[in-house]
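Visitor: Okay, so TrEMBL annotates it like this:
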DOMAIN    53-422  domain 'Amidohydrolase-related'
BINDING   62, 64, 153, 306  Zn(2+) 1 binding site
BINDING   64, 65, 66, 96, 310  substrate binding site
BINDING   153, 180, 233  Zn(2+) 2 binding site
ACT_SITE  306  active site
């Protein structure tokens with residue numbers, strides 16, 4: 001059946017659109033977008049979106065769904081529920097599962113499970129076997145089996161000779177490498193950013209240089225090989241400067257930033273405890289301001305969650321023992337709307353570009369546009385909806401968020417994939 005989504009304020013940077021419009025969906029694709037009804041009525045189901053704002057479906061290029069191997073934290077299905085309830089129509093899952101997504105067999109298994117997930121599911125393939133950083137995974141075979149990129153996220157490939165070979169292979173395949181930039185020799189067993197807070201807590205902090213050195217290294221490798229490098233969860237002001245210069249030099253580099261690195265600092269560790277522990281760590285106010293500016297001016301291309309679910313018991317451990325990471329799929333959109341867009345720090349169209357259009361373009365994904373002929377993935381938002389973050393209501397298995405109790409304004413109320421409404425809280 002054809003569907004007519006009526007009356008929403010459509011924001012689509014791919015068409016430079018910001019106007020109240022109707023969208024006709026036929027066979028899972030956008031058939032027409034405009035005003036009025038220049039088609040025969042026929043068999044059309046109408047969906048009233050008056051009072052709502054509609055974007056191309058949001059895309060998160062960095063999630064951890066923990067399956068296979070750690071299903072007590074999350075599964076591909078429950079992660080998909082969290083995604084669509086947060087307004088995301090599509091995700092890219094990382095490879096640091098158990099077993100690692102470092103073979104065609106494991107990749108095929110997760111992709112098969114992804115077909116039953118509520119969200120449009122994609123996966124990277126690992127750069128190295130077992131994420132051990134010593135021997136390249138079968139990148140060509142995984143690319144042929146559907147991997148949309150390569151990443152050892154969670155770890156850095158420390159050996160430069162191995163990483164150079166990975167960039168050479170990625171360049172030949174035309175796929176990006178998403179890089180986790182933290183020099184393991186400089187990181188060690190450190191937990192939070194090195195500075196006044198780490199000293200106050202008597203913790204051995206990690207210097208920002210650990211991140212910046214690998215950003216610079218991997219950009220040099222990308223320049224040498226012609227590969228596309230995607231810098232994950234950039235967190236420092238100098239890291240931004242390195243990326244900005246590389247772009248000016250014509251190097252194929254893109255970058256993402258998380259809501260927590262945009263909005264929180266290492267001061268928040270004092271009140272958030274282990275829910276303020278992540279990799280890379282929360283930095284200083286100077287860094288968050290630099291990240292916000294870089295997102296606004298396009299130096300940082302993408303907003304990604306780095307959705308990293310852990311059990312309550314794991315996060316209840318000491319700062320040294322607790323795992324890194326927080327969940328983000330169910331708070332990301334509202335955080336950006338409330339704290340950046342709503343406060344005049346980021347334009348709404350720029351947000352949609354960073355959360356839909358650009359992710360689709362960088363990783364060769366469907367979606368990112370509502371042009372006729374595009375896949376009908378859409379996110380409807382109530383810009384006036386006020387709510388308080390309560391992890392007890394999360395659809396993710398995990399509840400580890402530093403934003404519990406925070407009052408936010410703006411929320412996804414409908415997620416559409418291939419023209420089908422997969423989530424709605426619209427009354």
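Heads up, the Cβ atoms here are built off N, Cα and C, so glycines get one too.
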Visitor: Please report how many Å separate the Cα atom of residue 306 (Zn(2+) 1 binding site) from that of residue 233 (Zn(2+) 2 binding site), as a whole number.
Guide: 8
Visitor: Check the Cα-Cα distances from residue 66 (substrate binding site) to the binding-site residues 153, 180, 233 and tell me which is shortest.
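Guide: Looking at Cα distances from residue 66 (substrate binding site), the smallest one goes to 153.
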Visitor: Going by Cα-Cα distance, pick out whichever of the binding-site residues 64, 65, 153, 310 is nearest to residue 233 (Zn(2+) 2 binding site).
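Guide: Out of the listed candidates, the nearest Cα belongs to 153.
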Visitor: Neighbours of the Zn(2+) 1 site 62, 64, 153, 306: Cβ within 8 Å of the Cβ centroid, same chain, sequence order.
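Guide: Sorted by sequence, the hits are 63, 94, 154, 232, 233, 304, 305, 307, 308.
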Visitor: Determine, to the nearest whole angstrom, how far the Cα atom of residue 65 (substrate binding site) is from the Cα atom of residue 180 (Zn(2+) 2 binding site).
Guide: 17
Visitor: Around the substrate site formed by 64, 65, 66, 96, 310, which additional residues qualify by having Cβ within 8 Å of the site's Cβ center?
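Guide: Going along the sequence, the neighbours come out as 63, 70, 73, 74, 94, 97, 307, 308, 309, 325.
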Visitor: Would you list, in sequence order, the residues of this chain other than 153, 180, 233 that have their CB within 8 A of the centroid of the site's CB atoms, where the site is the one recorded for Zn(2+) 2?
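Guide: Apart from 153, 180, 233, the close residues are 62, 94, 151, 154, 178, 179, 181, 232, 279, 306.
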Visitor: Whole-number Å only: compute the distance from the Cα of residue 310 (substrate binding site) to the Cα of residue 64 (Zn(2+) 1 binding site).
Guide: 10
